[in-house]
Amino acid sequence: MKEKLIEIIKEAGEILKDGYFSKKDVTFKAKKDLVTKYDVAVENFLKESFAKEFSDFNVIAEESDNTNKTFSNSIIVDPIDGTTNFVNKLPHTAISVGVYVNKKPYIGIVYNPILDELYTAVVGEGAYCNGEKIETSDEKDFQKALLSTGFPYSSGTCEDDLNDVIKKIKYILPRCQDIRRLGAASLDLCLVARGVYEGYYEMNLKAWDVSAGLIILQEAGGKVSNLDGNEYVLFENKYIVASNGFIHEELIKNLNI
Ligand code: IPD
Ligand code: CA
Ligand code: CA
Ligand code: CA
């Protein structure tokens, strides 16, 4: 299944890439949440291809109506993760595809066609970037940890969420190496998987933002949890916390101030 998925996702990557270098009209789904015709085109291509090749799976995808779709055996798709980057020609944008069997992680694929970086993982078989094995960093000192986060779209309208973002950054920033905000959750998780970041956290993400990246990170030796340090449950938890494992406890502690 992995090889067929890669073939389809690489083809979809050409649609993303064409759009990236073209002039685009932007529609606002919400104050901070953008969509273009390319998000829809990539999604439709993936949905049609997956329906043909993997008819036992439900496809759950960001730009579609997902009511009445069950999660059990599903392919969870973010056609363009990092649409704001895509629109502004910032080359951190990716197609994210996570496959779940009986609600359990099976395959994660994240493809950035602009940088031609393909992250893949099958549960139990390790994680790879362009075919080379990747592993999380072995940094144990929180003060030396480079972290990444994201700002929720709700920060434009919900003062509680905005205050929570600021409060956490104010506490954590002096205690770590630095904090980045790259703008594509799937790639943030892959960058922890690759040992670039030691940790990552964000609130209000959707299943398609993280369904693939969390598989890739866990297969690279990293850890994913909710804000309590317990198992992160797709579609349920407000916060995702991810790390190389070594700094996880301290990251959780610092996020719970
Ligand atoms: C967004 C990106 C971003 C994160 C947002 C996501 P989208 O996805 O992953 O990094 O901060 O919360 O919704 O809308 O570009 O697919
Ligand atoms: Ca979006
Ligand atoms: Ca997304
Ligand atoms: Ca998206």
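Just so it is clear, glycine is given a Cβ too, placed from its N, Cα and C backbone atoms.
Remember, TrEMBL labels are computer predictions, not curated facts.
As written in TrEMBL, here are the features:
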{"type": "BINDING", "residues": "Glu62, Asp78, Ile80, Asp81, Asp209", "note": "Mg(2+) binding site"}
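Features recorded in TrEMBL, as mapped to the structure shown.
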residue : record              : contacts (Cβ under 8 Å, 6+ apart)
Glu62   : Mg(2+) binding site : Asp39, Glu43, Val77, Asp78, Pro79, Lys206, Trp208
Ile80   : Mg(2+) binding site : Leu16, Thr36, Tyr38, Asp39, Val42, Phe86, Thr93, Ala94, Ile95
Asp81   : Mg(2+) binding site : Thr93, Ala94, Ile95, Ser96, Val110, Ala184, Ala185, Ser186, Leu187, Trp208, Asp209
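Most other Cβ atoms within 10 A: among the binding-site residues Asp78, Asp209, that distinction falls to Asp78. Residues from the binding-site residues list (Glu62, Asp78, Ile80, Asp81, Asp209) with a C-beta closer than 6 Å to any atom of ligand 4: Glu62, Asp78, Ile80, Asp81. Same-chain residues that are not part of Glu62, Asp78, Ile80, Asp81, Asp209 yet have a Cβ within 8 Å of the Cβ center of the Mg(2+) site turn out to be Val77, Pro79, Gly82, Thr83, Ala94, Ile95, Ser96, Ala184, Ala185, Ser186, Lys206, Trp208.
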